[in-house]
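The annotation region 'Disordered' is assigned in Swiss-Prot to 112-133. What Swiss-Prot lists as domain 'Protein kinase' is 174-432. Here Swiss-Prot flags LEU180, GLY181, SER182, GLY183, ALA184, PHE185, GLY186, SER187, VAL188, LYS201 as ATP binding site, drawing on sequence analysis. Taken from Swiss-Prot, the feature active site, proton acceptor covers ASP298. Taken from Swiss-Prot, the feature domain 'SH2' applies to 534-625.
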Amino acid sequence: MNDKISKLESSILQLTEEVKQLESKQASKELEIRTLVDNAINSQNPAQERELINKLFTESLIDLKLKAEKIQTLERYRQEIITNLLVEQKQPNDTSIISAWEQLKISSFRINPNNNNNNSNNTNSSDSNQNYSSVILNGSLTEDSTSTISPDSTKNRDEEEIIRWEIDRNEISYNREAKLGSGAFGSVYKGIVRGKEVAIKKLTQTVFEENTMNEFKKEVSLMAKLRNPHLLLFMGACTAPEDLSIVTELMPKGSVHSLLRAKEDTSDFITFKRAILIARDTVLGMTWLHASNILHLDLKPANLLVDQNWVVKVADFGLSKYMKPDSKDKLLGQAGSPLYMAPEMLVNQPYDGKVDVFSFSILLWELLTKQEPYNKLYSSYPQLVEGVVNKKNRPIIPDYFPTRLKDLLARCWDHYPSRRPSFAEISKQRILETILIDGLILDSSARQFWSQYYMGKEEVPWNSFIVNFSLYCGFESNLSADDIKIKFLKLLLVPVDSDMVTIDNFGKILTWVGPLTNGREFFDKVYSICSIKGFMAATSSKNASQYLAGKKTGTYILRFSSDPGSYAISYLNKNKEIIHARVIYKQGSGYIHHGGQTHYATLDDLIKNTFKSLGIKEPFEGGPFHALTVAASSSKPFNIAGAYIPVAPSKKI
């Protein structure tokens, strides 16, 4: 080609690179705006964020105008090249002209910005698959090298599927006052469709561009294909342009994000056990999603919803993308919420499903610590990139986390995607189930027992438990259900209104009556503690005070302290005041009063040797352990229900 064409091609290269830089700049601004919006929503004084948001929008408008001007210039250059090519054409079948035109089509849309060779026939093949188109979706910008909708061959089927799930706008009834949540896309309301209570995700825009409609249909098509107990159930959609809505099952407890704010003394508080179970359900949902060749790309507590039984489901697939089965190619672009983004996503590098694994690690840390990721360390998007990508900073892992949990977090948020485990690996290796056992059962032998017989179970029937536990302890047929030691153990482990042994109660009880090093010694210890006069096990200080009210001076109760492994003696002193004295057990030394100097081999010995100094006289007579002891000594039948003393409920032990 002549020099003029070469110069034009060089100008196209430069302008294309400038357009790409503007798009990247826009992406960063869009993500920074989203971060500021999140901060403003949670801030009591959002004025500062509002000012910064307005500034960023102004800068974005300037960049968009500049980008439009550059694209117009590009079009003029293309027109000039085509005109020159046609002028240069000497023969109808000139192959050099055909080759140049084909190359021009590639360079116009899929160009290698680092290629300084002006020979238009020399294009880097690795860049021939890049498509630098941008789409704003739900307030996040995405740049794709792979279509965010299903392949062309399935478009018709997708359209048919959308029609099949169509819900007429007149069938949708919702109350604007019953808002469940909101975001850049619009709002979610509680409503009724065909007589069923549902959640309705309603887009609040009134004018929709073609891209918005395509992305909406993509989300509908994707959700219609997903059926798993840990993925939010899609029930239909309204595709009327003026009333775009997605209908899903209603999740009564709302999002994990909102539940993270629950107070410790409420029923919705996320304990260690609940946090790990939420993580397990998330992994199960994400394993299914990735096996379906779909990446979520916005995994965070706000997109995990909880039903009335604490079953967790992954939700909000507005940013999700298909990935070709068995493809080694990676995707390009940025999507999601910055605080949960993987390093490669933050700097717009190629990525795969491991970005979801990184997001999972951040939300798992948040579940367990109840703190915002990075603890507000970064106030802007550039600061976040500098800290997470360049300095490789991660949230601080508390020392008290079980070793396996620390290891899982470190692996999942590894800087290098190839080192992160897949969701399938986490699920198959039962990593979270093992972490649950590690965190709830401190006794190593007891951990081994639960892992051997009940891996993956949070509660088991008493009849199954006692058979396997007896075998594990070395007893085959020597223990009878009528044995008082077995009955004492059941009183410790099984609530009066249940017949189930839970993993957390089993672990907690072992801190008081363990260790489980020798089966016979363990059952002997259970008997020696439970048969002590005045023993009331897991009675709270509040309930102990109620039991002792109106009793004689010196009446006492022996109970488990709220501090696992410690005991408390609650008694009525001579001034009719309720005193709670803590007793600490030290392995190998015995029992000692808090602040005392003498250790005793048994609790009974401690009480017998210190009753005068404490001013205790008579044990409280009542409760199931006292009733069982009396029944055993008199050969009378034991009525467990009648042995319980009704008191006002108390949450603390």
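Using the three backbone atoms N, Cα and C, a Cβ is placed for every residue, glycine included.
LEU180 (ATP binding site) sits 19 Å from ASP298 (active site, proton acceptor), taking the C-alpha atoms as the reference points.
The residue listed as 'active site, proton acceptor' sits 17 Å from VAL188 (ATP binding site), counting Cα to Cα. Summarised by DSSP class, the composition of the domain 'SH2' (534-625) is 22 helix, 27 strand, 43 coil.
Taking the Cβ of SER182 (ATP binding site) as centre and 10 Å as the limit, one finds 13 other Cβ atoms among all the protein chains shown. Applying an 8 A CB threshold to same-chain residues 6+ apart, the list for VAL188 (ATP binding site) reads LYS179, LEU180, GLY181, SER182, ALA199, ILE200, LYS201, LYS202. Under DSSP, LEU180 (ATP binding site) is assigned to a strand (E or B) in the three-state scheme.
In the three-state DSSP scheme, VAL188 (ATP binding site) falls into the strand class.
For GLY186 (ATP binding site), the count of additional Cβ atoms within 10 Å of its Cβ stands at 17 [all protein chains shown].
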